[in-house]
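One structure is given below, encoded as structure tokens.
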């Protein structure tokens, strides 16, 4: 059955076939019989990787990507648990570069974060990464320098287990989801700083107002619009960067390129999903197939059968499916419903299955943001929040690509000051029976914090915005349970609470209202077990990643649930996890939305004796 797609999407698909060999530096990618490029695979213990520019044509316009070994994505690396791997990374760019091995436990000087782990790889230079592989599962790797991840410096990573895995399968495919823009990422960032909702082409219309009046009444609808206007936010702004500029790729291919993964009817097929995008959350389903989730972030979980799952930026999920028909669509729609990545599982090349329409666009509500129970008619005071010009912008070298030089996290730019007394207009008496969330003093009177969650909750059993009550079984964090008990076993000796903060209009992001350059490192004592509590004081969803150590997610009662390397934090959520400080050194800790990290949602963690 043929799918329906727009002409624009079709052109993108055809244009993606024009990926070139590139500047004499690269071999041409291999192509399957259908015209779909195959992932290059490198395995063993010795690897040579080269990062350089590569001309591409994904949307009908010629652009320059940065690529690893001439591929977009880079080669699939296959390691074996227990081996020592050596990776020689050569920089053929005109700028410094780096490779970070996401979720991999290794020495700090092998972690690949310029300014913390090492100095970076200068143009023409070579850096040799060497470390023992201590884990197994599905991971990925990417640049931690500037915006290089956005323009192609990333690739998938699979580590074969030393011991038998707790499930059986017959064959497998790696499915890496990414987002591509023809814009210069520096220009894109400038645009967000000038107008943070520039890429939101789905603002509410007069027609929406009329419909809301019919559903909710005049007074409630006017109060709702007034409240959002005073907060200088938009309930349709689920993603800072949308399909207005992004083309969503599956294994480097636009939707109409029809990436195809072959299977034999009746076999058990393992799919290793990786979200390697810069900014995009994806909701994944395969119409006609149940997915049995068996691993999250490379770690085995008790099997759970679902129809759909949301994958945060930087997360990985392994699922097993048992296809019997000739063809199925792998459908990954963006969380804001502005586009999708798509591929096909089929018994032979050239087949397609029906592509479902995008789901309705969700809206963020006050309840979503942890504001449940507020008298929203009394929020006039929120208009007092300082939404003036961002003085810190001038420190970013006019966004000339070196706002965080090569992501040198010892030199990130500054923003300071806050005005937060404006929350006085809220009717806190309307929140009787709720536990009011406290907030750090650094958020008060801070012009770079535009909201605070009043009653955040863990939301572990919440499918998320746009996925509730959709008639499908959707994976939640409450469904995830590691196949092992808490590997440490100790109760945390202390708790560290951090708030995810930001200002939508100014496109400013931070922890506790303090940008990275103004923040002191978080100090952990070597060997201690700590509990980290995160509170999301923004209307955005943030994937939070700690380098070098595992994040052991807890339930609301403080019981160990699942081991992760990236913790998804929806709006209005409060989640806790345990960390064993077993890795001496300096480590990055940040939001994995690239432009949020670039704008300051980043901290250094130091593990000291």
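Just so it is clear, glycine is given a Cβ too, placed from its N, Cα and C backbone atoms.
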Quiz item: Swiss-Prot records 144, 547 as Cu cation 3-binding residues. Which of 173, 590 is assigned to the same site?
Solution: 590
Quiz item: Since Swiss-Prot lists 591, 596, 601 for Cu cation 4, which candidate among 542, 545, 565 does it give for that site as well?
Solution: 542
Self-check item: By Cα-Cα distance, the member of binding-site residues 144, 542, 547, 591, 596 nearest residue 102 (Cu cation 2 binding site)
Solution: 547
Exercise. List which of the binding-site residues 100, 144, 545, 547 have their Cα within 10 Å of the Cα of residue 591 (Cu cation 4 binding site), in sequence order.
Key: 545
Quiz prompt | Cα-Cα distance linking residue 545 (Cu cation 1 binding site) and residue 590 (Cu cation 3 binding site), given in Å to the nearest integer | solution = 6
Exercise. Round to the nearest Å and give the CA-to-CA distance linking residue 100 (Cu cation 1 binding site) with residue 142 (Cu cation 2 binding site).
Key: 5
Quiz prompt | Overall pLDDT of the repeat '4' (419-426), taken as the mean | solution = 36
Self-check item: Cβ packing number for residue 542 (Cu cation 4 binding site), 10 Å threshold
Solution: 26
Quiz item: What binding-site residues in the list 142, 144, 592 lie within 10 angstroms of residue 542 (Cu cation 4 binding site), counting C-alpha atoms?
Solution: 592
Practice problem: Measuring Cα to Cα, tell me the gap between residue 144 (Cu cation 3 binding site) and residue 596 (Cu cation 4 binding site) in whole angstrom. | Solution: 14
Practice problem: With residue 592 (Cu cation 2 binding site) as the reference Cα, tell me which of the binding-site residues 545, 547, 601 is the closest one. | Solution: 545
